Amino acid sequence: MNVEQFAQELKLPPQLLLEQLKAAGVSKNDVVDPVTEADKAHLLDYLRKMHGGGGGETGKTKITITRKQTGEIRKTDSTGKSRTIQVEVRKSRTYVKRDPAALAAEALAAAEPAAAAPAAPPPALEEVPAEPAPIEAQAPVAETPAAEPAVVEAPAPEPAVTAEVTAPAPVEAAPEPAPAAKPEGEAAPVKKTTRIKKASILNEAEVKAREDEARRHQALLERQAADAKARIEREALRKQAEAAREAAKLAEAQKAAAPAPAAPTEKTLHKPDKPAAAKGAKGPDKKPAGAWKDDAARRRGGLKTRGGAAPDAGWRGRKGKSKSGQEETTFVAPTEPIVREVLVPETITVAELAHKMSVKAAEVIKALMKLGSMVTINQVLDQETAIIVVEEMGHIGKPAALDTPEAFLIETGEPGEAEMVARPPVVTVMGHVDHGKTSLLDTIRRTRVASGEAGGITQHIGAYHVETEKGVITFLDTPGHEAFTAMRARGAKATDIVVLVVAADDGVMPQTIEAIHHAKAAGVPLVVAVNKIDKPDANPERIRQELVAQGVTPEEWGGDTQFVEVSAKANTNINGLLDAILLQAEVLELQAPADGPAKGIVIEARLDKGKGPVATLLVQSGTLRRGDMVLAGQVYGRVRAMLDEAGKTVTEAGPSIPVEIQGLSDVPQAGEDMMVLPDERKAREIALFRQGKYRDVQLAKKQAAKLESMFDQMGQGEVQHLPIILKADMQGSYEGLAHALGKISTDEVKVNIIHSGVGAITESDVNLALASKAVLIGFNVRADASARKLAESSGVDIRYYNIIYEAVDEVKAALSGMLAPEKKESVIGTVEVRQVFVISKVGTIAGCYVTDGVVKRGAGVRLIRNNVVIHQGELDSLKRFKDDVKEVKANFECGLSLKNFNDIQEGDILEVFEVVEVARSL
């Protein structure tokens, strides 16, 4: 290793290192000179001597350690509010290590006069601190409070000599403490004699230095003893306070703890539970009655850090009561990480999560960044993400218990000992579109519902109850169109029996299979009605075979499904179908409590211009009466009016009876559970809580979707969007239409439904369409006068539809127009090159003959030589008889040149083509 490499290793300039080597007596003249281990040793010795590392009095090694500790205190102001204040404590300690060889020489020199003089123990007092290194190293141990009395009490000279030679042993072994004032007073004259006797060996400066060192060491040992004692008592107080906190937390979690008693004076809101017990543990001289006597002194006293204060300082330290200022602010850092159990609700902000873990919000944001999420301090996190973050930061995350207003519903939801009575069966009629479901119900009800539906197809759930000679049956008629999957699923959820209508001349179709799956998923028995058996091409046996393939086996083939052949048009075997339904209902033994608060399900909901929100309910248990307070999902309200399916006013509805109610605060979601609550305050509280919870969950999901689909969104610049605002008469209608429109989207064009709702088209809808350049679609609704006027003046397109097919077809046509056209090449002519002219300023001109088709200026051209395409470009100029022409037809000669290409030879063939754009369709 040379000087330059050594300097790089020491991170010093090479010239400075050369100067230091020369000063140390090592002859090095250049940075490339080699450096040996001996040279390094010489340099090290020189540097030690220069910086006080030599022997004698300069042989002392001093180490100064500065410690900075940060704690927190909670301070109560005059208003009773509690604040957290940061407290910083700084300590500086100097440790001195002396040369063991010098100490041994001094000890031997002092041994001779010590043996001769009877009053020699004081030198032991001077000599014991002479080796402070091992004592300092053991200072933090709690067993050393009695070190200083041991040295003072040694009466005989023999222990003194032993103490000097093996200094650490008597320091730790002395068991009995003794007051230090009297021995110090007696030892003073002896020290003077000792100095005279040792004058021949030690000079007076050394003796004085050792005396000062002994006094400093004595004071240090006293401080260490006091620190150790205070630390033990503080630890006991801390554990006691921690146990009290844990007990308080447990009591709060179980909601069983009584509220804390009020403090006798103000500004004591956060007192520990047992301050008197903590003071009583100190000693009998402390009076328990004085725990609150001098409260003003407590408020004026020292601050309490998180690690605790002096043991006799109570909850807040008093002036003059602690041993030293350092003891009050001593902070004991935790030796192991604190693992907290964090209860995470369904949604939580980053700031709240950081507060629960007692960390700064920046730490939580860093952890989320490491997980790939860029968040802010007010970002809402969903429960799953928050638990992952908690576990990532070393704590235990658990989903929070339901401490919500909805817990009231769980408590009140259990039915009591209400009497159970038989209830009518709820029958859902399902099947493929145009298989005759509604016509079959018409025949049963002897009405004409199907003819009133737009296009002859059902687009809503119709709920009716029919009183037959054999009993009451409630029917739910669901749409068969593929767009109404969600509506059919709701029908299956609320039903007891599913009647599957299959046309005998059509067979099993996709919606028939879907209805079977819905019934099986809901665990509902099936009754198959084979309709249209009066048609000539009806084949009931084929229907049975196709249904067996789908897992529906008729009873006559050994299965458990009843098959009934009916004709809605000819009114054939309708009573047989009703008998089959009632037989299945008897097997199910359907019962429900007739008394008590009603419960049910929202079948359909709409916004009526005159009546407001209107919901169709199916009561499942209890009795719904006019004036009841109803809660349905996020909406609530008092039942102002109740109508049956015929539009007649009724005052109450029992189990399995469908009714229309008015008086809700908003249009509820179809499929929501409905229940009656005792008071409006509780209903409003739960509804508002659900609204906020839904909003937070949607926001958290949207944020998660944004993060997950970041890469997917990068390529969406080329995708065309058709913005649509959708308004419908019923909630199920816009659900079905939105589903159907979403299915026709492709990778190039997408339908973007920016707003959908129930009710007429209003002025705000037109303004939204104007701002977002959207198309307004009204399904079975119309625009009001102000909206119509605004739409005409602003040019907003409003489309009205009554049949779902028409709406889907027109939107599909609009999307087809947004597709990028397909480009195709069409060859329009062929040209043969017969002569080539080279003109310096123009380039190569080809004299050609048009053999086929036509040549147009600006058309694309391919140059073919020996049946190989040499060049593809476009015509630059086209002339005939020195005149520029637009086109030259077959069997005529012309002159032409190609753009940016001159390699034309006689005999080449030019193929002329045009690019034609062809419209695409979905």
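All residue numbers here begin at 1 and follow the chain in the order shown.
Using the three backbone atoms N, Cα and C, a Cβ is placed for every residue, glycine included.
Every protein chain shown contributes to the tally, and the Cβ of GLY431 (GTP binding site) ends up with 28 other Cβ atoms within 10 Å. For 431-438, 477-481, 531-534, the entry in Swiss-Prot reads GTP binding site.
Here Swiss-Prot flags 250-264 as compositional bias 'Low complexity'.
The annotation compositional bias 'Basic and acidic residues' is assigned in Swiss-Prot to 267-298.
The annotation domain 'tr-type G' is assigned in Swiss-Prot to 422-589. Across the residues of the domain 'tr-type G' (422-589), the predicted structure has a mean pLDDT of 76.
What Swiss-Prot records for 243-329 is region 'Disordered'.
Among the features that Swiss-Prot reports, region 'G1' is placed at 431-438, with the record citing similarity to another entry.
The annotation region 'G2' is assigned in Swiss-Prot to 456-460 on the grounds of similarity to another entry.
The annotation region 'G3' is assigned in Swiss-Prot to 477-480.
Look at the region 'G4' (531-534): DSSP puts its residues at 0 helix, 1 strand, 3 coil. The region 'G4' annotation in Swiss-Prot covers 531-534.
Counted with DSSP, the region 'G1' (431-438) comes out as 2 helix, 1 strand, 5 coil. All chains included, 31 other C-beta atoms sit within 10 angstroms of the C-beta of LYS437 (GTP binding site).
In this structure, of the binding-site residues ASP434, ILE533, the smallest number of CB atoms within 10 A of the CB marks ASP434.
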